[in-house]
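S.K.: The compositional bias 'Polar residues' annotation in TrEMBL covers B:1-10. Here TrEMBL flags B:88-279 as domain 'ABC transmembrane type-1'. Here TrEMBL flags B:1-25 as region 'Disordered'. Here TrEMBL flags B:31-57, B:92-114, B:123-147, B:159-179, B:212-235, B:258-279 as transmembrane segment.
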Amino acid sequence: MKRLLVALALVLSACSAGGQDGPTTITFWDNNGGPGRTPIYEELIKRFEAANPNIKVEYVGIPSSSVQQKYDTAIAGGSTPDVGGVTTSYLAHLVGQDALEPLDERLESGPLKGKLLPGLLETVRQTAMDGKLYAAPASGNLDVIWYRSDLFAEQKIAVPDTWDQLVDAAAKLTKPADNKYGFTIRGGAGSVFQLLAEAYSYSGVDKFYDGGKSTVSDPRNAELVSKIAGIYKKSTPEADVNNNYTQMVAQFTGGTVAMMHHNLGSTADVMKALGAQKVSAMPLPKGPSGKRTVVPNPTDGFAVFKGSKNPDASWKFVEFLTSAESNGYWNEKVGQIPANTDVRGAEWIQKNPAVKMALGVLEDPATMLVPAPVYLPEYSSITKTDTEPLYQKVLLGQMSAQQFLDELAAKLTTAQQEWEKRK
Amino acid sequence: MTQTLSRQETPVSPPPPAPPRRKKHRDPSRFFRLYLPLVLYLLFTLIPFYWMLVFAFRPAGETTLLPWPITFEHFDTVWNDIGFGLFFQNSLLIALGTLVTVTVFAVMGGYALARFKFRGQRVFLLALLCTQFIPGAMMLIPLFVIFKNVGLLNSLTGLIIADTAFQLPLALILMSGFVRNVPVELEEAAMVDGCSRLRAFFAVTLPQLRPALVAVGSFAFIGAWNNFLFALMFASRQDKFTLPVGLSYALGEFNTDFGALAAGGVVAAVPVVLVFAVVQRFLVQGLSAGAVKG
Amino acid sequence: MRTRTWAPYVLIAPTLLLMAVFLVYPIASVGWFSLRQHTVTQPWKNGFIGFENFRRMLFDDPLFWQSLLFSAKWVVVEVGLQLVLGLVLALIVNETFVGRAMARSLVFSPWAVSGVLTTGIWILLYNPSTGIFQQLAQWGIGDPGTSVLGDPATVFPATVVTELWRGVPFFAILLLADLQTIPNDLYEAASVDGAGRWRRFVSVTLPHLRDAIVLSTLLRAVWEFNNVDLIYTLTGGGPANQTTTLPLYVARKAVDSHDFGYGSALTMAGFVILLFFSVLYLRLSKFGSRA
């Protein structure tokens with residue numbers, strides 16, 4: 001018996017000693033694994049491990065289409081990673097499941113203090129009911145319209161500044177007999193997200209809620225939705241009603257379509273297929289008000305999970321990823337807006353017209369931001385499951401734009417009221 | 001008896017079940033009932049494959065119908081940037097493991113269902129069916145918890161077990177149908193000759209099941225080879241992922257790369273098609289007419 | 001051979017064990033959740049609510065009925081076509097001809113292609129700018145810009161064809177394997193009696209294949225009923241929910257919207273429906289009753 005105890009003690013001490021001396025391993029889940037981004041992280045991890053020989057980072061790339069399911073399963077099963085890539089579009093779900101570590105104190109007491117764009121910090125904080133920071137923002141994004149600059153130049157069409165000009169340009173660029181269309185609508189998965197950005201850029205309505213009521217149903221928003229529905233099948237391919245991102249990009253890079261609304265995140269996909277001579281980005285056009293209103297695109301960032309056994313090492317890695325050098329490297333590669341303000345002066349930003357343009361829009365004092373209520377637990381279910389099919393009905397002429405927006409607004413209003421009550 | 005049987009199975013090109021062919025006569029009806037539908041169906045089968053090949057070998061952004069100029073950059077992407085080599089190996093191990101366990105258990109259970117009458121037989125059959133009534137996605141979280149508790153997360157063994165559990169009911173039911181088709185008299189005759197039941201099974205029934213083993217085994221192999229959900233959810237390590245996970249990398253928002261998808265598709269499909277080419281020759285009659293009368 | 005013995009229990013033991021450990025609890029938990037309000041993103045609302053989910057499903061949710069109806073249409077059309085084409089294909093590649101081995105492995109090969117890849121290929125094939133219809137239009141067949149997935153009139157057949165591509169080989173392989181077990185003397189006897197090709201097919205082949213057909217259609221019907229990935233990636237259930245099956249609706253509710261309680265109730269509805277029809281089908285087809 002005594003010998004057994006001694007042996008046990010030995011084993012235990014060996015274990016704990018091993019834990020202190022050997023390298024700590026943390027897992028990192030990339031929420032956008034794939035040929036575009038995996039190599040970037042591999043390089044950054046190599047650099048991090050060189051600088052921190054005591055910490056090993058295990059990279060896991062999750063396909064973006066399954067990342068929410070993967071997180072949900074991991075949280076329910078109690079097997080979360082240490083660090084995970086997240087975007088504000090589903091950050092509220094993770095916070096709601098009490099899965100994340102608040103990062104405010106760590107951020108304030110470290111070298112990143114005051115270095116991250118206040119606007120992005122704000123969008124991250126908004127997703128949590130307690131107003132805490134549950135992810136370190138790494139990258140900002142902006143809705144843009146990718147357009148075929150070569151076709152515009154060829155046909156001497158000016159780059160549109162207003163939605164009406166865009167509609168005209170789309171009509172001019174359309175030649176159904178040659179299978180050429182001016183514009184492509186995202187009618188399938190992810191449609192309403194993009195439609196809202198379009199609607200507010202047109203209407204100039206500068207608040208998402210007015211007196212607790214959703215402004216989505218504003219008649220000026222409906223005007224834009226009708227306009228888009230009006231060009232469906234006329235200046236856009238018929239396929240658009242079911243278009244998800246993959247199909248939309250196939251049409252644009254396949255050369256059928258001259259303009260595509262997406263965001264900076266697709267830079268790599270678009271540039272790889274078409275090249276910088278053929279494609280450029282413009283901001284979403286304005287409406288008759290002439291005001292520039294922008295519904296901010298979800299912010300990418302890194303979260304530390306509560307289940308982490310090594311929160312310090314995890315934070316260290318997050319800090320490293322958001323440091324000026326790594327953050328600059330990452331955003332240069334993917335073509336998005338760096339969250340770290342020290343990167344602002346970097347040379348590559350001047351050389352990347354899309355990022356430069358986006359920064360111009362976001363830093364313009366005249367630009368008004370209309371953040372979507374991604375903090376609502378029901379937000380994605382309302383804008384996806386509930387209303388994406390309705391938008392398709394609008395495109396197919398089975399429902400009016402106003403009716404559709406009224407339904408959407410009613411759901412958003414109810415959800416907001418419930419949220420206010422809980423708050 | 002055993003010897004006669006095994007000699008008869010040698011895969012000489014077997015007589016087809018529509019036997020009285022007018023030999024040495026050109027039969028014009030063969031064109032309409034055989035070649036024409038076959039060619040049409042082959043077109044239907046092959047056009048999508050051709051599309052995949054074109055995208056796999058054509059530079060991104062090209063739209064030509066022939067993959068010319070030919071490029072291997074997409075294969076470079078899937079092999080080096082996505083790490084298909086390891087995914088390939090994992091898929092292969094999981095699929096082979098599942099193939100073996102499913103086939104063995106299916107033969108055992110299928111034999112039991114076909115050759116015995118036992119209490120609870122109908123309930124068992126119904127329970128087997130019931131397991132197929134719920135989509136895997138809905139069972140994910142409880143399954144995940146079980147797997148975690150028995151320490152099967154992040155292991156290829158765990159994935160083999162998960163795939164086996166899900167494919168076995170189907171395989172077993174199919175196999176019972178095949179066993180039922182083997183005349184029981186054959187086995188009885190062997191047992192009269194002094195074989196034990198087990199020996200009679202191995203010597204007489206199992207050889208007759210060869211087409212069934214190929215069919216059911218290939219279903220199990222392919223089911224595991226292609227399983228995406230379990231592979232992604234029960235493994236959280238890059239070096240445990242499988243081909244379907246790798247393929248879905250090329251279809252993400254911000255990561256859409258059709259060339260890589262197609263190249264990955266070629267990598268994933270070609271070996272299976274080749275295996276089919278080899279095993280299909282076992283899908284021939286194992287039993288010639290005379291043996292039935294035993 | 002119908003003795004009372006422990007042998008069958010030993011033989012099914014591994015299967016029973018796997019089912020008990022890995023399937024019983026998850027299925028039971030779906031049943032339990034169907035009686036609860038359970039939304040992971042709104043934990044404060046969670047709790048036992050009895051049959052409220054079912055009441056909502058039956059009386060307040062037109063999409064439930066719509067998706068159920070579409071599921072029925074999908075299963076009947078898919079399984080029916082797969083069976084007929086698979087049988088024809090099996091009979092064809094069962095003949096002897098030059099290049100048979102090649103033909104067999106080619107026609108079977110789509111079965112080997114994963115769901116992710118099948119939809120990936122067909123998305124490209126159907127896409128109006130990268131696809132087959134664009135190519136045909138260039139050759140003067142059809143109109144440019146034809147989009148079979150975007151047109152409400154063609155989205156259903158287009159999806160059916162995609163699933164046929166992958167599903168027909170399942171029947172073909174299975175039926176081909178079963179064809180091998182038909183003793184030749186049966187055909188010989190029929191020929192002696194002067195039966196033509198068609199008579200031999202009806203009086204010898206079909207009866208012999210009956211059990212295999214009953215089983216494979218049943219299993220395939222269950223499988224097609226629960227088939228989510230293909231439709232989800234190809235059409236997302238659209239346009240305007242036109243191609244939403246019940247399990248697709250379940251996925252959207254339980255996975256996308258995190259409404260796990262309601263999703264479980266929908267799943268249980270599917271479970272009961274499948275159970276009912278399976279038992280009915282086995283009864284009606286008098287499965288296994290052959291002498």
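The count begins at 1 with the first shown residue.
Any Cβ shown, glycine's included, is placed from N, Cα and C.
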S.K.: Six or more residues beyond either end and a Cβ under 8 Å away: which residues meet both conditions relative to the transmembrane segment (B:159-179)?
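M.R.: For the transmembrane segment (B:159-179), the list is 94, 97-98, 101-103, 105-107, 109-111, 113-115, 125, 128-129, 131-132, 136, 143, 147, 152, 205, 209, 211-212, 215-216, 219-220, 223-224, 227, 230-231, 234-235, 240, 242.
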S.K.: Against the transmembrane segment (B:92-114), which of these stretches has the most C-beta pairs under 8 Å: B:31-57, B:212-235, B:258-279?
M.R.: B:212-235
S.K.: Residue list, the transmembrane segment (B:123-147) vs rest of chain: Cβ under 8 Å, 6 or more residues beyond ends.
M.R.: 113, 153, 158, 162, 166, 169-170, 172-173, 229-230, 233-234
S.K.: Might you confirm whether the transmembrane segment (B:258-279) is in contact with the transmembrane segment (B:212-235), defined here as three or more C-beta pairs under 8 A between residues 6 or more apart in sequence?
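M.R.: Yes, the transmembrane segment (B:212-235) and the transmembrane segment (B:258-279) are in contact.
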